[in-house]
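To start, the structure itself, in C-alpha cells.
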Amino acid sequence: MMAASTKLSSFRLPPLPTIGEIIKLYKLRAEKQLSQNFLLDLRLTDKIVRQAGCLRDAHVCEVGPGPGGLTRSILNAGATDVLVVEKDTRFISGLKLLSEAAPGRVRIVHGDILTYRMDRGFPDTISKPWDGDPPNLHIIGNLPFNVSTPLIIKWLENIADRTGPFAFGRTQLTLTFQKEVAERLTASTGSKQRSRLSIMAQYLCTVNNCFTIPGRAFVPKPKVDVGVVHFTPLVQPQIQHPFKLVEKIVRNVFQFRRKFCYKGVEKLFPEASRFELTQKMLQSADVDPTLRPTELTIPQFRALADAYAHLCMHEPSLLHYEFREELRLAKQGNKPEDTFIMDEKLNTNKNGKARAAH
C-alpha cells in the first residue's frame, strides 16, 4: 500500500504559481468575444478529470487549456502524454511553464482545434480495434461556448466515419458545455430539451451528463451554469447510414419542433412530389405523422432513415435536394406571397408547361 501511494505521489507536479497568479503574471484576461471563462478551483478541475476515468499512463488531448488549470489536474491524474491545443497566443507562455514542470509530458500545439489533425498527433501504437476496449486516449476540454456545438458535431461525424481522433478506436470525450446544451445532448425521448443534438449524439455514443458547475465558479462569471458531459462511442451506431444523410433527416424534422413531425419530413422533398413522397416515407417507416419531433425515438429515426435512403436509391437527386435552397431561389423569383412554392423555372418542363403536382 505504501509503494502504491509513493507511485501516485510521483504524479504530483512540483510547486507552481497558482492559476490566479499565472493570470496576473502574464496579464491574462478572458476575452468575451472568444467566450472564454477560466476555472480556477483545482478541486473542480480534478472532478472534471475524474469523469474521464483512469488516466494513469494515458494519452490526452486537451482542447483550449487557457491558463492550464485543467492541464494540471490531467497531469496529477497520471497522464504521461498531454497534447494541449491552444489557439490564443497569450496562454502559450504559461503553458510552457507547466511543460517545464512536467518534463516530456506536455506537448503544446498553437493552433485551432477545428482544423488540427489529431489523427497525426499520437502514435499508431495506441490504436485499439473498434469493437474492442476504447484506446488509452482521451479528449478533455473546458470548451469556449462559441466553439462547443460545431466541435461536437464535427467529432460526431468523425465517430461515424472513424476518422480524426477516432482513427485510434473509440476514443472517449469529457467536455464542458453550457448547461442547456449539456441537457440537450443527454435529453430523453419526450423531454422538453430533446433536440437535433440529442439524436445525433445518442445514435453514435453513450452520453452521460456527469454534473453541473455553477457559473460563479468561473472567472469571469458566465450568465449560465456549465454541464460536464462524457461520451463513449458505440461499437455499433444505432442508425446504420452515412452521417450526412442522418443529419439531414434529423435537421429537417427538428426545424418545426412544435409541429407534427410530418411537417419537417415534407421538407426533404421538392414541392412537386412533396405530398406523395412524405406519405410513402412515413408509411414505410411506420411512423405516426402526428407525433412531435421530441416524441420520436432513435429506432423511429432509424426507420425514417431506412425509408429515406430507399427513396433516394430510386431517385438519387433527392439526396442533394435542400428545402432552404429552394426557398432562396423562390425568393429570388420575387414570390414572397408563398415562400414554400418553388421558383416556376424549376417546375417547368422543356415545353414550358408547368408540371402537374403528383
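Here the Cβ of each residue, glycine as well, is placed from N, Cα and C on the backbone.
Some features that TrEMBL has for this protein:
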- Asn37, Leu39, Gly64, Glu86, Asp112, Asn142: S-adenosyl-L-methionine binding site (BINDING)
- 44-235: domain 'Ribosomal RNA adenine methylase transferase N-terminal' (DOMAIN)
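Counted within 10 Å of its Cβ, the other Cβ atoms near Asn37 (S-adenosyl-L-methionine binding site) come to 21, all protein chains included. Cβ neighbour count for Glu86 (S-adenosyl-L-methionine binding site) (all protein chains, 10 Å cutoff from its Cβ): 23.
The Cβ of Asn142 (S-adenosyl-L-methionine binding site) lies under 8 Å from the Cβ of Asn37, Leu39, Thr45, Ile48, Gly64, Gly66, Leu70, Thr176, each on the same chain and at least six residues away in sequence. Across all of the domain 'Ribosomal RNA adenine methylase transferase N-terminal' (44-235), the predicted model scores a mean pLDDT of 95.
Listed in sequence order, Val85, Lys87 are the same-chain residues at least 6 apart in sequence whose CB falls under 8 Å from the CB of Asp112 (S-adenosyl-L-methionine binding site). Maximum C-alpha to C-alpha distance over the listed S-adenosyl-L-methionine-binding residues Asn37, Leu39, Gly64, Glu86, Asp112, Asn142 is 21 Å.
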